[in-house]
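Student: Before we start, here is the structure in question, set down as structure tokens.
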4 protein chains.
Amino acid sequence: MFDVTRYAKAADSIIEAGRFLYQRGWSPATSSNYSARLDEQHIAITVSGRHKGDLGSGDVMVVDLAGNPVQSSSRSSAETRLHTVLYELFPEVGAVVHTHSVKATVLSRLVSAGHSLILEGYELQKAFSGVDTHESTLTIPVFNNSQDIDALAEKTKQWFASHPGQPGYLIRGHGLYTWGETMKDCLRHVEAFEFLFECELEAMRVRP
Amino acid sequence: MFDVTRYAKAADSIIEAGRFLYQRGWSPATSSNYSARLDEQHIAITVSGRHKGDLGSGDVMVVDLAGNPVQSSSRSSAETRLHTVLYELFPEVGAVVHTHSVKATVLSRLVSAGHSLILEGYELQKAFSGVDTHESTLTIPVFNNSQDIDALAEKTKQWFASHPGQPGYLIRGHGLYTWGETMKDCLRHVEAFEFLFECELEAMRVRP
Amino acid sequence: MFDVTRYAKAADSIIEAGRFLYQRGWSPATSSNYSARLDEQHIAITVSGRHKGDLGSGDVMVVDLAGNPVQSSSRSSAETRLHTVLYELFPEVGAVVHTHSVKATVLSRLVSAGHSLILEGYELQKAFSGVDTHESTLTIPVFNNSQDIDALAEKTKQWFASHPGQPGYLIRGHGLYTWGETMKDCLRHVEAFEFLFECELEAMRVRP
Amino acid sequence: MFDVTRYAKAADSIIEAGRFLYQRGWSPATSSNYSARLDEQHIAITVSGRHKGDLGSGDVMVVDLAGNPVQSSSRSSAETRLHTVLYELFPEVGAVVHTHSVKATVLSRLVSAGHSLILEGYELQKAFSGVDTHESTLTIPVFNNSQDIDALAEKTKQWFASHPGQPGYLIRGHGLYTWGETMKDCLRHVEAFEFLFECELEAMRVRP
């Protein structure tokens, strides 16, 4: 059993996040999924296949950390397990956002298999929780895309269990996952990632 | 004779589509045309030469599938026949949208004569109706532009008669045609195409 | 003496044009100037140095075709003479718009001295009044920038006297001039030019 | 002691500037800081770490020119000293804005250590106060980023003491500082800089 007021607040934060992320062009064509924690066992998460710029109260449901619907006959995002492993791994995480931007998609296809995207020397790295200098290095792993979500979820869980300080990851040709203590932190992370992705791509566009 | 209420609803969907597509920059300078099916014999379609971001009730008319105006003295888009062949070919199609974006224009000029644009490895391919994995391959034919619309319409009809599963086509230096069961599906397809076009162009911009 | 109602309508069309052009990013930082014809001897034109996204009734004045203020103590744009030569040359012209976009600026610096920008093979060329096929060729001359506006105005007048069918010109490192029978035509021309400039630049960005 | 009405007006100008600059994408993810002069000894400045698109009355505080809070228990931006040296140096300066755009970030990383960004031949250079021809040359120094703000502030103060006519500077991988007699002038300068940065980058993107 989950607290209904917590669900209502989590759903509101997800609906508002969708408006922001769709309007920025980071969740086009019914792609993406978002979640927010209710308690140790439950999260609110978007129902599969909805238009993210126009979410309503029927588009957010509750699942437990195994990904099973709770008090709902809707079907949650096919990628629900990618969200729940993060809540399992990090008790302080309160929100997870997955977006599908052009920049994340293109960059993720440029990084070779087995390599990570390295971000360094940017003042904006300080936008990530826990980072207080541009002299830090961020390592953003790129996982191969797969329709076998359980296997992919397991890979991400293992990677972040040994790299808990890194703020997100990419799936090749697919998009970005990032998280935070609150939805507000989470959206700041998305905004910082998109800024840094654009910087990286722009540097490649103008490279002599 | 067509059902007037169906016409009114189709016209509303076209007017709203125009606001969306113009605002995105995909229907500039009175370009583009949109249609929606009324029944087996009739479609609603934009009147020639109107500003697509500011369509009103006088800017959508009815034609039969041969392209003749019905109960109207207006002139429909010069490209009406490109719409009607799709309704003839695919009984399930309810809406057809033709847009003129920079990306569609530039990409269509980069593909060599007789070749198609190939899209593969993108999660967002799943935004197209009937596609359920990023491991699919989309083949988007590029037809040479022509002011002889009947001849061009016949070419597109023949191509799609033998490739019914593909979601759209380009005309060189001109723009995109795509369709769907509903106008909502159709707009999701436009949004997915524009995303994928931008990914393809961005990959070329940063290519070493 | 000019008709006051014509002035009021012309001023409204200029104020509205400014909101549109500033919002698109084509008239940044108090740059640009716009005019509309009142009669054979008078035009309404923007006062020098105003923010184009926020024009008010005090920001549009009247000048005669020699560029002298009429019933006003304001100072019109330093480039007033570039407007008036077009009204002198083309009796059917009702509006002239000068914009400062990044694309016009960059493209104009890429064209060699003494050369023109050539646009061909684009369906969107049909957005220009009098063009009815993508098989046309548009020749857009690029004049060197100068703070000697009278000399520059004379050069443009001579060029267009012998090329009356071309829809606009560029000043190097500076911007675009275009015109039309009405302000609506004029803004459609700006939109078409910006589309075509972006196509040309994008083709250069992705060129192998 | 400072004048409270001046504080209230300065705070309003800062809040409005934040909405504009965030909406343009130049102050993402709680980055950036803005200030406005109250008198010879005091400025209003943004509190550290706030979302710049949504500043409220609690997000602007007063500091003296040494950077000490006045009648406030809030903490001002870590970069406060970069603002106050400009007010010390230039008695006519009424507002200072620091932004974090992608373009400023990328360009600042492309300029070699010890070099400046040179801007010339652009009509839009006239948007900077005191510049009246495109034949001028603007020299924009690029300082290495540092978390030692006092040392960085001293370097900027020395440079501008000997180059008082230049309108701003970059910090590598970090962003832009610019200023003006009023906040309106200051925002016109930001807009002109962003235009010129985009022109410079675009010229590099299309360079053969």
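Note: Cβ is positioned from N, Cα and C throughout, glycine not excepted.
Caution: TrEMBL annotation is automatic and unverified by curators.
Annotations for this protein, taken from TrEMBL, read as follows:
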type	residues	note
DOMAIN	D:12-201	domain 'Class II aldolase/adducin N-terminal'
BINDING	D:His98, D:His100	Zn(2+) binding site
Student: Restricting to the same chain and to sequence separations of six or more, state which residues have a Cβ under 8 Å from that of D:His98 (Zn(2+) binding site).
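Tutor: Counting only residues 6 or more apart in sequence, the Cβ neighbours of D:His98 (Zn(2+) binding site) under 8 Å are D:Ser32, D:Asn33, D:Tyr34, D:Glu79, D:Leu82, D:His83, D:Gly175, D:Leu176, D:Tyr177.
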Student: Just to be sure I understand the packing, how many Cβ atoms besides its own are within 10 Å of the Cβ of D:His100 (Zn(2+) binding site)?
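Tutor: The answer is 27.
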Student: Under a three-state reading of DSSP, tell me whether D:His98 (Zn(2+) binding site) is helix, strand or coil.
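Tutor: Note: D:His98 (Zn(2+) binding site) is in a strand by DSSP.
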Student: So what's the average pLDDT for the domain 'Class II aldolase/adducin N-terminal' (D:12-201)?
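Tutor: Mean per-residue confidence for the domain 'Class II aldolase/adducin N-terminal' (D:12-201): 95 out of 100.
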